[in-house]
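As given in TrEMBL:
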BINDING   F21, K44, R75, T155, G156, D157, R266, K272, N296, D297  ATP binding site
BINDING   D293, D297  Mg(2+) binding site
DOMAIN    319-571  domain 'P-type ATPase C-terminal'
TRANSMEM  383-403  transmembrane segment
TRANSMEM  433-455  transmembrane segment
TRANSMEM  467-489  transmembrane segment
TRANSMEM  501-525  transmembrane segment
TRANSMEM  531-556  transmembrane segment
Amino acid sequence: MEILNRDGDIERFELLEVLSFDSVRRRMSVIVRSTTGEIYLFCKGADSSIFPRVIEGKVDQIRSRVERNAVEGLRTLCVAYKRLVPEEYEGVCGLLQAAKVALQDREKKLAEAYEQIEKDLILLGATAVEDRLQEKAADTIEALQKAGIKVWVLTGDKMETAAATCYACRLFRRGTQLLELTTKRIEEQSLHDVLFELSKTVLRCSGSLTRDHFSGLSTDMHDYGLIIDGAALSLIMKPREDGSSANYRELFLDICRNCSAVLCCRMAPLQKAQIVKLIKFSKEHPITLAIGDGANDVSMILEAHVGIGVIGKEGRQAARNSDYAIPKFKHLKKMLLVHGHFYYIRISELVQYFFYKNVCFIFPQFLYQFFCGFSQQTLYDTAYLTLYNISFTSLPILLYSLMEQHVGVDMLKRDPSLYRDIAKNALLRWRVFIYWTFLGLFDALVFFFGAYFMFENTTVTSNGQMFGNWTFGTLVFTVMVFTVTLKLALDTHYWTWINHFVIWGSLLFYVIFSLLWGGIIWPFLSYQRMYYVFLHMLSCGPAWLGIILLITVSLLPDVLKKVLCRQLWPTATERTQARNQCLSVEQPTVFMLSQTSSGLSF
């Protein structure tokens, strides 16, 4: 071990003991022996951990410099030392050895030993390091706030350093009024008085602010910002003397709900996890996401619903314990506001479309039992029963759930507020699910009874032949396959050649399969009940008219609902879609004008 002294000379030391860093002590020490045989203990750590253990040194001067550097946004550490005589060092070694070999409560005994050793120090000085923000970190946080996402910063830095960083990353703004819930203020007033005073302050103005329905945030974003330190959080999380489990947590959460941003400084790793757990199990049950880049963020990442690790200079512990790993903080914007948006739109359509198309598939079979004397006669042929979910309707929704982009990527990046349209599980609520279910029931009724009333006059063909049960079921199945596929086509906004190939190809495959299945006598089948059924049905003019009318009537309510909602109650996403469509229509005219002005056209 080498140390550069004041004279610029390098002194060599022998490393004897290492008192490892932990988040509770917030410091680390080493015991070394110089070439002359002198033994020293060097200790570095946060100023709140070093100053109470110092008995000598320029404490006031260094404290003022530390505070000034912290206000400037620099990360500070204090360094202290003490000299150990040989007898004292032997006592230290015995104390450490007894704690290390303890079979029970080893960590507790080590902590007690470190506490006894790291005292009566002489203050050497302090260090200040600039902790630069990553590229576009401020833009990312600003975009998250515009998207209605509540952003909390949990850090182990000093309050002044953390506050300066929050201003730099635009979490706090010039118009943000900062509220402090710190140990210094609690010493002047009781915790009860401080909490109720803050509660009155934020709740008094919350009624006059226009608040967003989804996020609960003030729409002008110039709201309150709360700063709390680790010691104050410990008092809040501590149960009352009467054994009450709620204590001050709900009051603290009420204050935080009415603040646009929250800064938690001087946080131990376990306290970060406590904060995440407190939010996760609050009455709103929000989805929590934790992002960090160091080993001290692992407990927070594991506690959140979704954990993201940033791979950087702090190591890979956070990335190894996370659900997703990203190289830069700026990638969080695209990950959430673009890919997360697309994923939610796709998965919500996928889930509800599967319910819808299977309601359309099963409910006519249920209705058919009332007309066949509950004889368990199937409405559809066995091949149709097997291939409905496997071949006829599977690929269109698969491609939709992989490729759908209801709004362009660039638009989602430019306008983060579009994310609010899917906030609080907006597309998977009971109201939306019930709409899809009733739409499926309505379409199933149209399929079945529309075909039933058409078949009421059994001699519908020109030659007087009657349609049978298998023709009836095939007609219902044909209308159903076309309706559920065209329903997905109506919901598709991002058309590529793959979508066209899959959607129209699925319908074409159904027609070709039905022609082959009913046009050939298959030698491996003991029954030939579908022979010439599909061809016989298509040879009848009323059957063609019935198919077209039933498909139109089935899709009409959904089309009317889409048109009316877009005209009367459009969402931000729908307004953006309409604006893009208008621009795409006007674009050729602009192109022709530019060509004319350049003299290239006549």
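Just so you know, glycine gets a Cβ as well, placed from its N, Cα and C.
In TrEMBL, annotation is done automatically, which means it is predicted and not curated.
The transmembrane segment (433-455) makes contact with the transmembrane segment (531-556), as judged by at least three Cβ pairs under 8 Å among residues 6 or more apart in sequence. Highest Cβ pair count under 8 Å relative to the transmembrane segment (531-556), across stretches 383-403, 467-489, 501-525: 467-489. Cα separation, D293 (Mg(2+) binding site) to R266 (ATP binding site), rounded: 17 Å. Within its own chain, the transmembrane segment (501-525) has Cβ neighbours under 8 Å at 381, 383, 387, 391-393, 395-396, 398-399, 474, 478, 481-482, 485, 488-489, 492, 531-535, counting only residues six or more beyond its boundaries. G156 (ATP binding site) sits 10 Å from D297 (Mg(2+) binding site), taking the Cα positions as reference. Residues F21, K44, R75, T155, G156, D157, R266, K272, N296, D297, recorded as binding ATP, reach a greatest CA to CA spacing of 23 Å. Listed by sequence, the residues of this chain that lie at least six past the ends of the transmembrane segment (467-489) yet keep a Cβ under 8 A from its Cβ atoms are 353, 356-357, 360-361, 364, 368, 372, 377-381, 384, 388, 392-393, 396-397, 400, 443-444, 447-448, 450-452, 454-455, 458, 460-461, 503, 506-507, 510, 514, 529-530, 533-534, 536-537, 540, 543, 546-547, 550-551, 554-555, 558. Neighbour counts of Cβ atoms within 10 Å were compared for the binding-site residues R75, R266, and the top value is held by R266. In this structure, the CA atom of R75 (ATP binding site) is 18 Å away from the CA atom of D297 (Mg(2+) binding site). Set side by side, the binding-site residues D293, D297 differ in how many other CB atoms lie within 10 angstroms of their CB, and the most is found at D297. Taken as a whole, the domain 'P-type ATPase C-terminal' (319-571) shows an average pLDDT of 88 in this prediction. The Cβ of F21 (ATP binding site) has 13 other Cβ atoms within 10 Å, all protein chains considered.
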